[in-house]
Amino acid sequence: FLLFIPHSVLCSVPVPPSGLNMCMSGSATSCEECLLIHPSCAWCAQEDFGRGRSLTSRCDFSQNLLKRGCDEHFIEYPTSSINVLQNIPLSSKGSGSTQYDVVQIMPQKISLSLRPGDQTWFSLQVRQVEDYPVDLYYLMDLSLSMKDDLDTIRNLGTKLAHEMGKLTSNFRLGFGSFVDKNMSPFSYMAPKYQENPCNGFGFRHILSLTDKVDRFNEEVQKQMVSRNRDAPEGGFDAILQAAVCKEKIGWRKEALHLLVFATDDVPHLALDGRLGGLVHPHDGQCHLNDNNEYSASTKMAVRDLQGTLNVCLYKLKITHSNRTTVEILDQDSKNVIQLIIAAYNNIRSKVELSVWDHPEDLSLSFTATCQDGNPLPGLRKCADLKIGDTVSFNVSVEARSCPPRGTDRRFTIKPVGFKDRLEVAVDYECDCGCSRNAQNNSVICSSIGTYNCGTCQCEPGYLGARCECQEGETSNMFLSACRESEGKQICSGRGECSCNQCLCYESEFGKIYGSFCECDDFSCARHKGILCSGHGECHCGECKCHAGYIGDNCNCSTETSGCISDDGQMCSGRGSCVCGRCQCTEPGAFGETCEKCPTCPDACGTKRECIECRLFNSGRLADNETCQRQCKDHIIPVETLKTDEPGAVLCLYKTDDDCVMKFTYSEHASGQSILSALKEPECVRGPDALMVLVAVVGSILLVGLLLLAAWKLVITIHDRREFARFQSARSRARYEMVRMSLTHEYYSPIMYTSNKLRLIV
């Protein structure tokens, strides 16, 4: 096996929600509480505003506050904003004099000022530049079973440098090897084996990254295979050291890092080290000694990099690293160069964003715009790219809450495998400007409260707009102010009226609030028993959904990544994405992304491309990575096609060489698509044009000769008949002449001489 491991801005404006005015129906009794209710809520800090009204009347939509007489100068209405701090244009080339200043992401630094609940957008662009520097470290298993592979790569450096030179002008190559931990039970520990110079070792760094490829060949020529005791190898120890020993390996910050891991057996699993008494997990540090050998091989064990190197299982284990590919080596590694080039192209054909140090109180969602120009909500990845292509991503950011004051919030957006990154600093708009002018023991508040943003915050035991009442005082005048309307219960039956204000009861279910205790944070729709599905907050009977969720109970996700089929279409073009799942609208379509549809008109056309690329390595999906990603059906090559199987659809198409390819498409009960296809297309050879021409000309000539012969025969018969008639006529004519001649000579004597007559008689 061969494992490759690569080591403009928009801003939204809050829109007031329709229907319920949650600003006034909330529990806000201060400017800060008002701002947290909804990003469209504003607070009026004007002193004489709302006299005779409840405190929450100061919290309303900004346009409503203006209409009700609040001076614009006193309206607290912070909004989210974005400031671009560094925006260097994207580079077009990676090597040369500018290789240390290559820019592959734009912008590079921004700052966000976020108001909680306010969804804000910014965009970024990513480009994989041409001629980007490459550092390739070849890490090889030197156990005895890899002897023929070692012989094959002894001149790998020259050939690989030649091929990589077609992709980059700045290529460096390094080499390292591994076997297994030199301890029992992983290796033989008897003295006779320990004296053997070919005994096993954990990891050995042999050649630092260099552009002198002849050095690679020289070092590989010196290597000898070693031995270990059990079948699994210590590959993960080697991978970890090759990754963290940056200075000794020679990894450049400005280069693409490729770690080629070649082995023919599985690595040790997690906890295998305990068989040898190793209980200390690896510390993630470099432990190469003066001989460049891994000195902690018999002291620590790697516990997080675990898996089996079976192709299928190994791919499952490394799916978290989208810059990693697994390929199968030939028995003697003859195809190693082709695999390295293919893996390099595969890695460079993708751009995927990762988020580092993601604050928990921030919601992020991505929309990718790849080469076709169509936005793909919910995706942060573009594939099938060419070097030099530019893709863009829109990033939605929403702060769900306010962190403690003074908290520094930062996160980084980084394309996987890139050194470039976008650094994002976050500031929260949680404080009101008027709070800076708060007055303690203000006369306005009867000297027993703090005047802040137009309201009094009374000392404990005092109530009222000006702290003029003490708790427990009641009168009919005060009671009337505690009813929402005539006939309604005092404080909605969920509180007590004190000094013209409702004091709401406490509840074991949550908080009761509002001017008349009419609201709470627990009487909202639930999904599977969870309030607002766990994806929103309950405000006065309505769920306020977090970013990425909608619906009455916030159970509907707006994420669409789960609806994108393998061919990049939304629900395979046969349905729509509803709440993060495909709802198939095409009759007969089913599957997670509506990808299965034997009866659909385009079913044969869709599966044809997979038949072409999987069986004949041709067609639009001929690229190996694209074919493997989009064509996961089970294809069975057969000599004779059975078309009478129930549920199977017969598909035919004409190939480029005018042959007919046949296959059947059906769905197994397990949910897997089954394609039974002929091993070879049916080709009926057409007539040879030259033979046809010769046959036609020959036929014409033959018919002509036959006609000529018939005409000749007819003419000959006719002539012979005429000649016979002529001869007959001629004979008669001569006879008549003779007869007449004889008559003239003898007839007369007969009449006169009886003797002659008798003589004639």
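We count from 1, first residue shown onward.
Even glycines carry a Cβ here, placed using N, Cα and C.
Straight from TrEMBL, the features:
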DOMAIN    22-71  domain 'PSI'
DOMAIN    30-432  domain 'Integrin beta subunit VWA'
DISULFID  Cys34-Cys70  disulfide bond
DISULFID  Cys245-Cys286  disulfide bond
DISULFID  Cys370-Cys382  disulfide bond
DISULFID  Cys458-Cys467  disulfide bond
DISULFID  Cys499-Cys532  disulfide bond
DISULFID  Cys519-Cys524  disulfide bond
DISULFID  Cys538-Cys543  disulfide bond
DISULFID  Cys540-Cys571  disulfide bond
DISULFID  Cys579-Cys627  disulfide bond
DISULFID  Cys597-Cys600  disulfide bond
DISULFID  Cys604-Cys613  disulfide bond
DOMAIN    604-688  domain 'Integrin beta subunit tail'
DISULFID  Cys631-Cys659  disulfide bond
TRANSMEM  689-711  transmembrane segment
DOMAIN    712-749  domain 'Integrin beta subunit cytoplasmic'
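Positions of the features from TrEMBL, shown on the structure.
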residue	record	contacts (Cβ under 8 Å, 6+ apart)
Cys245	disulfide bond	His205, Cys286, Leu288
Cys458	disulfide bond	Cys445, Ile448, Gly449, Gly464, Cys467
Cys538	disulfide bond	Gly510, Asp520, Asp521, Phe522, Ser523, Cys524, Leu531, Cys532, Lys544
Cys543	disulfide bond	Cys524, Ala525, Leu531, Cys532, Ser533, Gly536, Glu537, Gly551, Asp552, Asn553, Cys554
Cys597	disulfide bond	Ser572, Arg574, Cys584, Glu586, Gly588, Ala589, Phe590, Gly591, Ala603
Cys600	disulfide bond	Arg574, Glu586, Pro587, Gly588, Ala589
Cys659	disulfide bond	Pro681, Glu682, Cys683
Distance [Cα-Cα, Å, rounded] between Cys631 (disulfide bond) and Cys519 (disulfide bond): 54
Spatial separation of Cys571 (disulfide bond) from Cys579 (disulfide bond) - C-alpha basis, Å: 13
From Cys34, Cys370, Cys499, Cys540, Cys571, the disulfide-bonded residues whose CA lies within 10 Å of that of Cys627 (disulfide bond): none
C-beta crowding around Cys70 (disulfide bond), within 10 angstroms: 23
Nearest of the disulfide-bonded residues (Cys70, Cys499, Cys519, Cys604, Cys613) to Cys370 (disulfide bond) - Cα to Cα: Cys613
Position of peak Cβ density within 10 Å, selected from the disulfide-bonded residues Cys34, Cys382, Cys524, Cys631: Cys34
Average pLDDT across the domain 'Integrin beta subunit cytoplasmic' (712-749), rounded to a whole number: 71
Summary of DSSP states over the domain 'Integrin beta subunit tail' (604-688), given as helix, strand and coil counts: 20 helix, 26 strand, 39 coil
Fewest other Cβ within 10 angstroms of its own Cβ, chosen from the disulfide-bonded residues Cys286, Cys579, Cys604, Cys613: Cys579
Residues in the domain 'PSI' (22-71) grouped by DSSP into helix, strand and remaining coil: 21 helix, 7 strand, 22 coil
Of Cys34, Cys70, Cys519, Cys613, i.e. the disulfide-bonded residues, those within 10 Å of Cys540 (disulfide bond) when Cα atoms are compared: Cys519
Close in space, distant in sequence - Cys571 (disulfide bond), Cβ under 8 Å, 6 or more apart: Cys563, Ser565, Cys577, Cys582, Gln583, Cys584, Thr593, Cys594
